[in-house]
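So the structure is just underneath, and the comments pick up after that.
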Amino acid sequence: MDKKGTAAMKLLLVLQLLFLAGCSASRSREWAHHGAPMFADLSVREMKAVRDYLHGIPEMRLTEARGKSLKKNSILLMELHLPKKHEALKALDHGHAKPPRQARVIVQFGNQSQPNITEYIVSPLPTPNSHVVKTFKSNRPVRFESRPITNVEYSHIDAILEKIAAKAHKLLFETTGGFSYSNCSDRCLTFSDIAPRGLAPGERRTWIMLQKFVEGYFIHPVGFEVLINHQDLDPDRWTVEKVWYNSMYFDSVEELVEKYESGKIEKMKLPEHDDSDLYSTYIPRGHSNTPTNIHGPKLVEPQGHRYHTDNNFVEYAGWSFAYRVRSSAGLQIFDLRFNGERIAYEISLQEAIAFYAGDTPAAMQTKYIDAGWAMGTSTYELAPGLDCPEIATFVDLYHYFDTDKPVLHKNALCIFEMTLAMPLRRHFNSDFQGGYNFYGGLDNTVLVVRTTSTVYNYDYIWDVLFYLNGVVEVKMSASGYIHATFFTPNGLHYGAKVYDYVLGNLHTHLIHYKVDLDIAGQKNSFETLNLKYVNFTNPWSPKNFIVQSKLHKTEHKTERSAAFRFGKKFPRYLHFYNPNEKNKWGHQRGYRIQFNSHAHSVLPKDWREEKGISWSRYPLAVTRHKDSEATSSSIYTQNDPWEPVVSFEDYIRNNEDIVNQDLVAWVTVGFLHVPHSEDIPNTATPGNAVGFFLRPFNFFDEDPSLSSKNTVIVRPGRAGKPKVQRWTPEVVGHCVTDQPFVYDGTYSGV
């Protein structure tokens, strides 16, 4: 064959390869889009169908969740039950039929001699006709006392507090300067309840503290706390076990009132309440140097969105993924791909805790485990221009928790692209003679998926950011009101005085994530990289020595080896890689996890409540993927952390091999918060954001953001006129949206 024929054959081969690559990319995108509905939250139609199916089973004797009795059988929670991973991958990787959709349903059976909590898997959706009991890996039954508090139970707690407050009316009225619990018009008292509810499994005893019911009542404690035993399903049999007032404990309300009125205890009186100087309100006060008649900067999209959404499927700059907001926990990302290649099967929020310290009984008992409050259902409406840019795509969410019909949360999730006002890459190449050879830069834009959880006083802002260079950032920003208790001198050991009679209690936030990585395939390994000093003779000056750093790699072969304890030295690089795939330069293709966290453990190992949060022992633990190890926590842990039905420690106890396996990284991030005066009225987000990055580490042959057409290159031209090279239009369109600000704030049944 002559040279022309050989060249033609080579060209044909290249074209065939390009065609096959294009077909493969097209199929990958098609299958990812095809599989995304597997991960979508339950629709209203599906929720109603599941509810009607279960209510139609006579032996369950289900009644309305909002019925006043606690002795009833009712649905507590309903959410999507995820398909098994190997079944989902058949649809995602081969275009096979999707497995039937299923619902996970929690039913509380209170109308029987031995009340219990039972979970069911109901299928197929949207027309269910079967159900099976769902069990936990521990095979431990769910104690009825570990169930979350419902609105009906809160109504009975409110009723007993009315009775308690009526007995102590004079004391409360005089202490607070005219506030009372009932018949109070604009000077009312309210309460916050503390968890866990007791000191041992099977208990349901809750410390409750009274507060002034004003905007931001969380930081208006009045110094009255009461321990109520509400384990019995008959509220008439509930009892008061302890009362705390003015740093003293009493065995009953009657004892407190008798000693108060007889002058046996010191009376206290809070400062007079003044609506015009309400320190917990958002109303501006103080002098501002910012002009009030000029708007601040706004985020705009001159020619519209550069991302695409189709229900729960999102595409942006080479990224594609599906998402959901799990009612019991929160935001989850599935089938995350870059340029059609999967990087992670799942990135999901598992748990958020805030463990406190203090001098009052409520403070010393506060160990919030937020999945136990159905953290995912507290995704309330996001405000355009405040919570998300006006240009964002806003998404409605539906939840079924402690309700008799699906509840709509309008505009509870947003998706938007933004510029970080920081170049992704840039370089000024000086000629060192007052000029330059070239300047090159690339704008740093990211896609953001955001939702929030307002779990009573605290507001968590959950973000997942997707960068042009193959980096993913997972972030939590904290705001909301601090959890404050009544000030006592001894309280200064546990926080700071932030207002008259108000102590901001120290606490630690920990957030737990599941990161199911599939780096260039399911078979992955894990290693850590550190540096070691080496000392050797200088080869070009033998009389001297060279001291420098050298890479030291450690392959972690078992789960226990890859479980890093807080307080121990933590590796510098955490590298997940495919031992069977290499990039162009001979390196194993991988990603690494980079922490942005100041977390530490919150309790000693195996100390009572710590057993329920055994994941909090480890900033990172790596396990083999198992469908039976789907979550690290449960909705029941809050009220039974002592004998949890889900124990993360069980996942690594068998110490399985993790070399060339399907791996899951369990990531813990967080920070210590010692409240200070600047937390009034609210905790601000700057400095209170934690999370982690997934960063490519030899996964690509070069920076994949080279494909971005937002690059600008400037070179010197003739006669001193710069020559600008760009690949996007220079002229932009309208800059500011003409849409008015719209915000409703309600959520209602549909």
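Cβ atoms are placed via backbone N, Cα and C, with glycine included.
What TrEMBL records for this protein:
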DOMAIN    48-130  domain 'Copper amine oxidase N2-terminal'
DOMAIN    147-246  domain 'Copper amine oxidase N3-terminal'
DOMAIN    298-706  domain 'Copper amine oxidase catalytic'
ACT_SITE  D370  active site, proton acceptor
MOD_RES   Y458  2',4',5'-topaquinone
ACT_SITE  Y458  active site, schiff-base intermediate with substrate
To the nearest whole angstrom, state the Cα distance for the pair Y458 (2',4',5'-topaquinone) and the residue listed as 'active site, proton acceptor'. 10
To what whole number does the mean pLDDT across the domain 'Copper amine oxidase N2-terminal' (48-130) round? 97
Report the same-chain neighbours of the residue listed as 'active site, proton acceptor': residues 6+ apart in sequence with Cβ closer than 8 Å to its Cβ, ordered by sequence. E351, A352, I353, A354, S453, V455, Q638
So Y458 (2',4',5'-topaquinone), by the Cβ count within 10 Å over all chains shown, scores 22
For the domain 'Copper amine oxidase N3-terminal' (147-246), DSSP counts of helix, strand and coil? 31 helix, 31 strand, 38 coil
